[in-house]
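Asks: Reproduced below are the annotations present in TrEMBL:
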- 1-38: region 'Disordered' (REGION)
- 1-33: compositional bias 'Basic and acidic residues' (COMPBIAS)
- 96-114: transmembrane segment (TRANSMEM)
- 101-342: domain 'Fatty acid desaturase' (DOMAIN)
- 134-152: transmembrane segment (TRANSMEM)
- 182-202: transmembrane segment (TRANSMEM)
- 209-229: transmembrane segment (TRANSMEM)
- 241-260: transmembrane segment (TRANSMEM)
Amino acid sequence: MQSVQDEQREERERGGGRGDEEMLIKTRGDPKIKNGGAGAEEVEKESLMMELTRLVQKVVKESSWWERRGVDCSILAAAFLCLPPAFLLLGSSRLLGFSAGVLLMGVAHAVITVKGTHLASHGALSESQAWGRFWAVFFIEICGSFSARAGIQGHIKMHHAHTNVIGLGDSSVWKVPFLPRIIYLFVAPLAVPIITPLVALAQLKGQSLAHILRTILMVTLGLYSQYWLLINVSGFTSPHGALLCMLVCRAMFSVPYIHVNIFQHIGLPMFSPTRRPKRIHQMTHGVLNLPRNPLLDRIFGHSLINCHVEHHLFPFLSDNMCLKVKPVVSKYLTEKQLPYQEDTYLSRLHLFFHKYQELMVFAPPITELVGVQ
């Protein structure tokens, strides 16, 4: 169970917590700030995030449950409903039917293990903390073959709390310097389904026995369930054939998954742990949106594709709510002359292909925002 300190820290990381607002009000009453100087500038920077937070909270409060959570829950439900016909089609003796089963299984798996695990890690699927913990274990461990605790620690408490901060949330976890660019960008991602459970096992070192047993049990349950269904429902007679089918379906969207994770942070300003800018400047300079994509928007979710800036500013929002507040956020940042970075998928791929050594091998330069830090 989380401690009070952990909950408070996570709320501050999310931005827009009531404690931050109360702190701001008290600070405005400080006589030192009334006299101007550096303190006044500090309050102005804090108030930018507070002002944007109030605008976004207004949109959220005016939204229905369907908009806040229902849309994304229905997409996940549709993905699960696609699984029975996918297993049946995989048993087809016709090439077209079998291919349709592979495609349907691959799409459903990507929706569940990328969009589902991401929303579950942020607690965006339910307002209940108990259900939030359940969905985190279900999506991350059973469906995603990874440790829920390690996933939340790495994604929420490191990547989001320290976005683009060197040595903390600088996305270096995605770098494999010894791999050539062609292998890294187009071949190595296909091994993600194999690497993921192995990394999960490595992350269990130092954990309690109960946590280790639960994670191993849940990951094994998820993997064996798919294997059992392929043998007993789809009619696979060869264990090797079933395992190969699992790999193909699970790796179907691994290449764009790796691309998205590196395109939206690496190559943007990186900050020193001792001289990081305020949250709103950190996120607007260190995060990039990709354009709308009918396929990836639904499979990976808006918060990972075309609303990544909004997601980093307000990580507790669902994908659909990130999309709904996008006009508010982009308009506000533009009015305040803050960056709102966008680039196309192909443009980023071209950049990473031609500057692979600089971006993915060498240490990134540290950016200092003059007048902000």
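Each Cβ is built from the backbone N, Cα and C atoms, and glycine gets one as well.
Predicted, not measured: the structure shown is a model, and the values here were computed from it.
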Asks: How about the transmembrane segment (134-152) and the transmembrane segment (241-260): at least 3 CB pairs under 8 Å, pairs 6 or more apart in sequence, or not?
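Replies: Contact criterion not met.
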Asks: Counting only residues 6+ away from its ends, which parts of the chain sit with a Cβ under 8 Å from the transmembrane segment (209-229)?
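Replies: Sequence-remote neighbours of the transmembrane segment (209-229) are 87, 137, 141-149, 197, 200-201, 239, 242-243, 246.
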Asks: Same chain only, please: residues at least 6 beyond the ends of the transmembrane segment (182-202) with a C-beta under 8 Å from a C-beta of the stretch. Say none if there are none.
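Replies: Here the qualifying positions are 144-147, 150, 176, 215-216, 219, 223, 246-247, 250-251, 254-255, 257-259, 349, 352-353, 356, 360.
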